[in-house]
Structure formats: structure tokens, C-alpha cells
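Before any comments, here is the structure.
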Amino acid sequence: NQARQRERRLAELEQELLEKNCTVEALQERLDKSGQRRAEAEQTLTLRLQECEDELARQAATPPRVKVRTRPSHSKRVPYVTQTVEVESADSHRAVSELQVKNGALQDQLSLQRQLLKELEKQLHDSQRTCTQLRTQILVYEGEMQRAQGQLEVQMQNLEEEKNRVIEDAFIRAESEMKAVHENLAGVRMNLLTLQPALRTLTVDYNCLKKQVQDYPFLLETAISEVKQEICQVINDANTTNQDLLRKYKREMNLRKKCHNELVRLKGNIRVFCRVRPVSQEEQDSTDGKTMLSFDSDDDAVLYLTNKGKVMTFELDKVFHPQATQEEVFQEVQSLVTSCIDGFNVCIFAYGQTGSGKSYTMEGVADDPGINQRALRLLFSEVMENASDWDYTITVSMVEIYNETLRNLLGGNPTDKLDIKLNPDGSGSLYVPGLTEITVQSPDDIKKVFELGHMNRATACTNLNEHSSRSHALLIITVSGLNITTGNRTQGKLNLVDLAGSERISKSGAEGSRLREAQCINKSLSALGDVINALRCKHSHVPFRNSRLTYLLQDSLCGDSKTLMMVQVSPLPSNMSETVCSLKFAQRVRSVELSYSSSRKHEYSSTSSSPTHDSYTIASQSIPFNI
């Protein structure tokens, strides 16, 4: 390939050299013609120049013609005559001018011809130099061609030797392969002889399989019918097992519910806990900072109170020290909360004087919530745990009882008054028409409900507490459940009540509207004490209707309901009288035993379904603890 390329390049160079030679010859011809023309032009110019010189000499030899003109003088003094001598040689001047012009033109032509001659000589010189270079390059290429030709001859010889060697190797390999093919062919012939019996066997097997395929539909139908019978038997056995398991599940659920109910009943249908408020740093620094309460190290249900040199002992279900946390308090309460899921009505309320910590126990603070939020979280946890078997719906309502008036804390206008009525379905239960019920599905929903309810709750100032709540706050949680397996339905209600602070009017310093609020609060607490006393004495008549509070909580304070009272007390000496009254009332409440029969002996009126404000006589001072 390199040789061919070099041959092509050499041919191109030869062609180019030929063209250059032609160009040089053409330039040489043009140079010769130009030389001839220049010689002819020089000769012509020389002749004409000679003619001009001869003409000039002839003119010079001609004598000039002189004209004399006389001009008279007009001077008056000396007359004279002026003569002008003119040499008239116009022809000679014109001839000289023409000759000079011709001479200049000839000189210009001569310079142009000389310049053209120089250019042609330069082109000739360049062509000769290019021709010399091309001849040198041709010599170089001819040397390279000779070397390439020698290399090609050597390579051709090597390739020829390699070809011969490859042919010999291929021939040897082909002979060995042919020998192996002959050997394989002999083996194949032997295999064919041995495969003939196997082929006959396969033919027989094929015929058998063909017959089986023809019989396959019948065999398939038979097998399907047998499998159907087996599946039906298995399904019947599974249904029987499922029915048995369902009966056992129902029995276990009823047993669990019964055991849980029995556990709560053994602990007391109305349980009473006492929580002692811790003393603040300001109270410790004051003269009133001495604590009048002490605890039994061996029994967490006993509380000692030192009053006027006497030690009083109070036995309750549980006494919480001032250092007790919200979590420890709720652990004792959560068994009642789970009873709500089983369909029981549960009531948990905080009772005590103003500033004893009722709101903290029930509501808590943002980073340490109280019973209300913890109860709802526990309900959500139980609902999620039983989601595979039960479908639960949790609704929340918040009610405020202010001056014996029911207010809807979750409604658009909290000043609207609500009423308590008997349910028209004949079940004897109570309901509040117009009460807002919000379905909650997450802790975020709970937070929004609490924020709305707290914003609408009425507060005022007293001497005992700068931010004392002046109303009873009720958080009503209804849990409705549907068993997906059995179809059973349950409905329970959880009432979480933050009672208004109780204090003596003379001590609180309330006046005007605050005085009426205090009187209504003490009146409703007195009505609660009357209901508890009637239940404790098992009276046939329980005065639930004497207060909006007791009337609204009627279904959670009787029958198979579960009730817990959290008594909040202060350990300071200045609050001893209120603390003694609260603890005595707590002991009386603890002795109350609810029974199902008592739930049918409540007072009902045929003329009115709820108490009215006109049925009360407000006393100037009423103390709910002296029952």
C-alpha cells in the first residue's frame, strides 16, 4: 500500500514537473517574443530619436526671422521711436515640443518594457528554481521507492515462507481431525446399533402415554371431584373449629370483662384517693410553711393530720405524697379508664378547696399532662391494640356548669344555655340536646379540643387563688365499640370532672357576682354530698336532681358504674379546717357501695326532666362539708 501511494505520489510529481516544464517553455517563448519586441521598439525609438535630432539640427541651422516694429513717442519734450525686435520661430518651437513629447512617451514605453522584462526574468528564475526542487524531490522519491521495493520483496518472501508453514500445519491438523471424525463415526454407528432397542422401548412408552392422555379428562374429573369432597370436608372442619374458637373467645372475653369488673368491685365501687399538694418555696419561707400532714411508712392508704394538738387518722384507698408524679397517679387510675372500653360508665372527679391542685391533677401542664390527656392516650392505645377485632369510635364533649347553668365549651357560642333531658328512647338515660360532640382520632385532635375548651371556660379572681376556676368543668368521653367477629356492641362513658374550688365565703372575701358564684358552687357541692350520703345509707330516694352536676352525672354515680374521687388537700396550717372537712367527706364517700338495684330507684319527675334555677334557695353562706 505504501509503495502504491508512493507510486501515485511520484506520478503526480512527474505530472506536476511536466506542467512546470510547459510553463517554463511558455515563459521562455514569451521572454523571447518580448525581447524581439523590445529590440524592435528600441530600434524604432532610436530611429525616431535620430530623426528628431536631425530635425533639431536643421532648425538650428535656419536663420531666425526678425520683425522690427516702430512705436511712436507721445512725449512733448523729447520725441523718440521704440523698436521691438521679435524672432518668430514658432514652427521650430512646435516641432521641438512635439519631439519632446514623443521622446517622453518613448522613454515611458522603454521603461515599461524594461520592467516587464525584469518580471519575466524573475518568473523564469522562480520556475527554474521550482523545477530544480521538483527534480530533487523526484530523486528522493525514487530512492524511497527503491527502499520500499526492497522491503516489499523481503516481506513477500517472509509471507511466502509463513504461508507454506501454515499450510503444512493445517494439513497436519486436518489429518488428525479427519482421523478423530472417523473414530467418532465408528462410535456413532455402534451407538445406533445399541439405541435401536431403546427406540423400540420408547415407542411402546409413547403409545402408553398416548392412551393415558386420552383417558386424562376422565381421570381429571374424578380427581377434581375427590379434591372437592376433601376441600368441603376441610372447610366444614375449619368452620367447626372456628365456631369452637369463637365460643371460647366469647367466653374468654366475658371472663376477662367479669374479672376486671370484679377486680374493680373488690377495690370498691367508689374509690377515694388523696393527693397532698407540695409546699412552694414561698410558703416554706413564710411562717405558715409548717406541714401539718404526715404519712405512714408501712401503709400508703393512711394519712395523719395534726390539728390543735390532736392527731387524726384517715384511712383511704391510696394516699399520694407531695413528691408523687402525674404518671404514678395515673397508674392507679388507668384500670377504671379501661372499664370504659368494656361498656361501663366511669366517673373520676377531683374534689377539694381552691388552690389544692385539682386542675393540675386533672389537666396538668404542657410537658406533664394530667389524668384527662393520659386517659385519652390510654384509650387510643387500647383501641389500636384491639383494632383487629374491634372497631371503636371515641367522641369528646366538654361542659361547664357555671351558676347552675350548663354551657357548651366546644360550641360556637359558649354562652348558650343547655338543658338535661331524658332520652326519648325509653332507656331512662339522660342526654343534653345541642351538646357538641367531636370525634377524635389522634392526640393532635385531643390537643385542639382541650385548647378550645380551656379558652371558653370562665375564670375569676378570689383571695384564695388568683386564677381560681369558678365553675365545674366536665370532660365527657364516649367510647362505642363493635366486635367485627361477633357483631356485639358496647358503649361506655368516661366523665372526668374538675370541680370548682370550695372555700368558705368569709375566708375567700367574695362579693357581688363572685359571692353568687361561691354560693352556687357550695350549693352544688352540698348536693353532691347529699347524693353520696344517700348512696352510702342506701336510701330508696337519691336526690340527683338537686343540682345540675349530680343530675348530669347520675348514670355514672349509680348501678354498675365505676366512680373515683381524687381528694386534693393542702398541708398548710392555714388550710387545716378545709383539709379536715375534705378528708372527713372522703371517708364517708369511701364507705358508699353502689348496686345495680339502686339505679332503678332514682327520682324522676313527670312534669320536668331537669332541675331549674327557681327550685333553689340560695343561702348567704353554705358549707358543703358538714353533711
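For all residues, glycine too, the Cβ spot is worked out from N, Cα and C.
As given in TrEMBL:
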COILED    3-44  coiled coil
COILED    103-169  coiled coil
DOMAIN    269-592  domain 'Kinesin motor'
BINDING   Gly352, Gln353, Thr354, Gly355, Ser356, Gly357, Lys358, Ser359  ATP binding site
Which of the listed binding-site residues (Gly352, Gly357) has the least company, meaning the fewest other Cβ atoms within 10 Å of its Cβ?
Gly357
Do any residues at least six apart in sequence from Lys358 (ATP binding site), in the same chain, have a Cβ closer than 8 Å to its Cβ, and if so which, in order?
Ala350, Tyr351, Gly352, Asp498, Leu499, Gly501, Met566, Gln568
Return the single residue from the binding-site residues list (Gln353, Thr354, Ser356, Ser359) that has the minimum number of other CB atoms within 10 Å.
Ser359
Specify the count of other C-beta atoms within 10 Å of the C-beta of Gly355 (ATP binding site).
21
If I take every residue in the domain 'Kinesin motor' (269-592) and average their pLDDT values, what number comes out?
83
